């Protein structure tokens, strides 16, 4: 007799599965109904450990994915076999009194019906979808309303929805012209729809749920403002044309006089601020002052600090290993900082006619202006001026007339003295 087969050590698969479930139930006793994250995490870890042992979670997920792929491959293989060999289709049976034309032919589905128009069953494959039973628990209109969102609406559609949704409720409310802010926020944020409910009380909200005539949404206002913005070039041209012809030409003398005046104004302002802060400090009003201001307001503190300071002196020693790096020092040449007049040869100046004829926005005109050529607004190039002879003499350019008596001899002397005594620290 052949030897008996040895019994499996672990028993059948069902027995092993029952053992694992029993172990999981014992270890997680009283924790299944707990909703805490820690308890659920512990239950998941215990289940994974009992079922798969010490396997890596990635390996487990990979094995499950492989099983799923095998099932899909089997289904595809079965479908291919059915298409190739076309298994025998059982004869159709219908209940008494039923119309055969309301049932799709099973042989026609498999492509095996040879009766054609004589077949008593229907050959319309869309018949099943048309005759599908409607569930008494589902309203098809709800699905249509869910798909009909505010993103696809225009103004007319929005008014129609508002009237249908809030029309009857608006009639029962007390008369008020104030629009509900929740309603406006929902429309502005594209949250309004068929299922929107007012947080201020639903249909019992006392404010209006309708847009007043002519109301413009904020998002539409932003679009209009962006369209009304002008370019930087147009803004510069408008501001330049608004100056007019009666302006002072900027020369070296006028610029230096303006600079001197501004510097003096700055010094006067600083002195006034210092006097005011000093008065506040003496009166005890200044709460926040710097250490420098304290010694400026009370110079006697400097001597007190010197008397109380330590008499220890520190001498900086030089080690023998240190190398004396001789660095060349150059004196400052003040002549390099003397302002000089800019050479005006080759500089194009716009004529006074530009204020009467506004420059066109054509690209060709802008290109000619940038290159210094002929333009419609009255600008002239150096070649035209040289050929005409009337616009430029000896490198000087005709522009706005300058008052020669603007600076007297005394002003020029003061200016020269200031340049000679120029302090570089300023």
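Including glycine, each Cβ sits where the backbone N, Cα and C put it.
For 1-30 (among others), the entry in Swiss-Prot reads region 'Disordered'.
The compositional bias 'Basic and acidic residues' feature in Swiss-Prot is assigned to 13-29 (among others). For the compositional bias 'Basic and acidic residues' (13-29), the residues of the chain that approach it from at least six positions outside its boundaries are 42-43, 46-47, 50-51, judged by C-beta separation under 8 angstroms.
Here Swiss-Prot flags 53-62 as compositional bias 'Polar residues'.
Positions annotated as region 'Disordered' by Swiss-Prot: 53-74 (among others).
The feature compositional bias 'Basic and acidic residues' is assigned by Swiss-Prot to 64-74 (among others). As a summary of secondary structure, the compositional bias 'Basic and acidic residues' (64-74) carries 11 helix, 0 strand, 0 coil according to DSSP.
As annotated by Swiss-Prot, phosphoserine applies to 231 (among others), with the evidence given as a large-scale study or a structure entry. Around residue 231 (phosphoserine), taking its Cβ as the centre, 9 other Cβ atoms fall within 10 Å, counting all chains.
Swiss-Prot lists 236-260 with the feature region 'Required for interaction with DRG1', giving similarity to another entry as the kind of evidence.
Residues annotated as region 'Disordered' in Swiss-Prot: 302-326 (among others).
Here Swiss-Prot flags 351 (among others) as phosphoserine, drawing on similarity to another entry.
What Swiss-Prot records for 359-426 (among others) is region 'Disordered'.
Residues or ranges marked as phosphoserine in Swiss-Prot (evidence: similarity to another entry): 360 (among others).
Among the features that Swiss-Prot reports, phosphoserine is placed at 381 (among others).
For the region 'Required for interaction with DRG1' (236-260), the DSSP counts in helix, strand and coil order read 17 helix, 0 strand, 8 coil. Counted with DSSP, the compositional bias 'Basic and acidic residues' (13-29) comes out as 15 helix, 0 strand, 2 coil.
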